[in-house]
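Engineer: Below is one structure. I have some questions about it.
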Amino acid sequence: MNILKKLKKNNKVNSKNLIDDKLEIDGLEERLNLKILLLGSGESGKSTILKQLKLIHKIELKNEEKEEYKNGLKRNALQCMNILTEQLKAHGLEFEMPESKSYSKMLKAIEEVSLNDDEDHFTKEVASAIDFLWTKEPSVKKIWDKRNDFWIMDAAYYYFDNVMRFIDEDFEITEEDYVMSRIMTTGIISTEINVPPLKFTVIDVGGQRNERRKWLHCFDNVSALLYIVNLNGYNSVLFEDNSVNRMQECFDLFKQTANNEIFKNTPIFLLFNKKDLFEEKIRTESINICEAFADYTGSGDLMDSLNFIEKKFKNALNNGDPNRVQVFHIAARFKRDIKTTWDDVVAKLKEINKKELEVILKELKSRNVETYSTAE
């Protein structure tokens with residue numbers, strides 16, 4: 001009887017040791033999971049960057065996600081065309097083609113109906129109406145040239161140029177369609193990305209004003225901030241408020257976020273996005289139209305403008321070392337830009353955390369956890 005009791009006691013001790021060992025290993029592996037926040041004001045390009053990261057790391061779309069983005073492209077085209085036609089009167093413009101007025105009325109009615117049910121009302125007739133207004137109606141092109149005066153999606157031209165393809169029976173969404181599709185981010189989206197020996201949890205939260213109250217729920221245990229700036233927004237307005245400059249909102253939000261006490265030692269990666277659109281726009285309008293850059297008196301060329309904006313953002317830090325801000329100029333629609341930037345971010349975080357990583361990996365190796373064999 002005494003022998004049986006001793007065996008049972010030993011089994012309990014061994015079982016407890018195994019559990020404790022497993023918990024310690026799990027704790028060590030969890031420290032290899034770095035949390036990255038994607039922050040920025042609405043339409044900065046956060047979701048586009050996340051899409052590109054998924055493509056780079058071969059995270060495949062589910063069939064229902066593909067359908068969601070297909071429908072999103074149609075909604076984008078419809079909404080953007082209705083925005084253009086609604087702006088005509090305010091800018092003293094009228095339709096010049098006889099068919100245009102009836103097409104415009106139909107599109108507005110379709111959008112209203114679509115808001116009230118889940119059916120697909122985007123027919124070939126709808127696509128043809130959008131295509132006609134974009135390619136044949138002169139007043140639409142005139143109002144397009146005034147698009148900085150009102151809110152419209154930066155990629156509206158893409159939806160119009162491809163609208164007839166979206167309605168094809170055999171339409172399959174391409175990588176470019178996926179990246180260009182605009183579905184407003186609501187709530188908190190968490191994506192796991194493995195870059196052995198590390199695992200990154202990338203958190204994307206909505207950038208519109210009514211979504212920002214959710215940001216606080218994500219601020220704990222953050223390894224890095226990726227703050228996205230829409231360069232193209234320096235002379236355009238917010239979705240939420242047509243009286244507020246997009247870049248001014250983005251700049252003010254950066255000051256508020258980066259100077260939060262909780263982030264005083266957190267690395268910041270500042271991604272100036274939509275560089276391609278910005279380069280085209282500054283040829284005709286200086287960045288000093290934005291209040292935050294009103295003191296700019298430079299040459300107005302690309303690099304001079306970018307350097308000024310970069311300096312403004314870095315100088316917005318009230319405390320800490322401005323050198324902890326790493327700057328990248330990108331066009332998120334191009335995968336190569338995100339691939340290069342992401343590789344640099346990963347390399348920098350490995351460098352920052354090198355000593356801790358070496359200790360963790362050495363301990364895991366001593367416990368025969370072979371999957372975490374190197375910090376390089």
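Using the three backbone atoms N, Cα and C, a Cβ is placed for every residue, glycine included.
Curation plays no part in TrEMBL annotations; they are all automatic predictions.
Residues or ranges marked as GTP binding site by TrEMBL: 43-48, 204-208, 273-276, Ala332. Annotation source TrEMBL lists Mg(2+) binding site at Ser47, Thr185.
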Engineer: If you draw a 10 Å sphere on the Cβ of Lys274 (GTP binding site), how many other Cβ atoms land inside?
Structural biologist: 26
Engineer: Let me make sure I understand the structure: which of the binding-site residues listed (Glu43, Asp204, Asp276) has the fewest other Cβ atoms within 10 A of its Cβ?
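Structural biologist: Least crowded of the binding-site residues Glu43, Asp204, Asp276, by Cβ count within 10 Å, is Asp276.
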Engineer: Just to confirm: which same-chain residues, 6+ apart in sequence, have a Cβ under 8 Å from the Cβ of Gly45 (GTP binding site)?
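Structural biologist: Residues satisfying the criterion: Ile228, Asn230, Leu271, Asn273, Lys274, Ala332.
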Engineer: Hey, what's the Cβ neighbour count for Ser47 (GTP binding site) at 10 Å?
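Structural biologist: The Cβ of Ser47 (GTP binding site) has 22 Cβ neighbours within 10 Å.
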